[in-house]
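Visitor: Pasting a structure here, questions to come.
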Amino acid sequence: MQKLIMGNWKMNGNSTSIKELCSGISQVQYDTSRVAIAVFPSSVYVKEVISQLPEKVGVGLQNITFYDDGAYTGEISARMLEDIGCDYLLIGHSERRSLFAESDEDVFKKLNKIIDTTITPVVCIGESLDDRQSGKLKQVLATQLSLILENLSVEQLAKVVIAYEPVWAIGTGVVASLEQIQETHQFIRSLLAKVDERLAKNIKIVYGGSLKAENAKDILSLPDVDGGLIGGASLKAAEFNEIINQANKICTE
C-alpha cells in the first residue's frame, strides 16, 4: 500500500522559514505511486505554501468549524477550505481535544462537513498514559471512532485517513514500542473490519507520536502502519525528507 507521510507544522514558522522549508521539501525525490506527501501549515500561510510546493505535495488545514458561515469570529469553514485549494484537513488532533475541549461529537460534525467533498479528512484518535495504564486503551479508541463508524457509509469511510497518536508520545520524545504501535493499529483495523473487511484492508492508518528519521524505518515497516503524521521533525526539511526517503525505500523493497 502507498505510504502517506504528513507534516503537521502546528503554530510554527514565518514567511521566511516557511519559504526555506518548502524549498527544502521540494528537492526530495520519491515515487508518487509509492508515497504521498502532505503538510499542514498554519492557516495564514496556506496560500503561500500551496504556491511554493510542487503540485504533487498536498496541503491541508489543521482545523475548521462545523458552521457554514456567519458571525463566528476567528473561525474557518469547510467552504473556505475548498475555496483556497486545500487537499487535506486534520480533525480531532489531541491538542485540539485537550486544549480546546473538542469532543467526539465535534470531531464527527467537522468530518461530516467535508466527507462528501474532494478534501481528504485525517481523523486523529489516541489515548492518554492513564488510559493505557488503566487498561482502557481499546475502550477509548472505540469510543472516539463510534460516531464515525456508526453514521457514515462504507463509501464515505473509505475517504478517511485515521491517525493514531498516543497522547503521551506527542512532543515528549517518548515513542511507543513497535509492539504497542502494531497492536494498536491492528486493533483499530479490527474495528473497521466489523463494518466492512475490504474497508479495513484498504483504509490508511498512520502513526503520529514522535516519529522521526531515526525511527521511521522501523515504524513504517510495521504491517498495519500506512504512514506517519509528523510534528517537530517535519519542521526540518532534511529530516522530513529522510522520513520520505525511508517510506519510499520500504515501498520499493
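For all residues, glycine too, the Cβ spot is worked out from N, Cα and C.
Swiss-Prot lists these features:
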BINDING   ASN8, TRP9, LYS10, GLY171, SER210, GLY231, GLY232  substrate binding site
ACT_SITE  HIS93  active site, electrophile
ACT_SITE  GLU165  active site, proton acceptor
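Help me picture these features in the structure, burial and contacts included.
Guide: For HIS93 (active site, electrophile), the same-chain residues 6+ apart in sequence whose C-beta sits under 8 angstroms from its C-beta are ASN8, GLN62, ASN63, CYS124, GLU165.
DSSP assigns GLU165 (active site, proton acceptor) to coil, not to a helix or a strand.
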Visitor: What is the Cβ neighbour count of GLY231 (substrate binding site) at a 10 Å cut-off, with all protein chains included?
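Guide: That number is 23.
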Visitor: Count the Cβ atoms, other than its own, that fall within 10 Å of the Cβ of LYS10 (substrate binding site), considering every protein chain shown.
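Guide: Looking across every protein chain shown, the total is 18.
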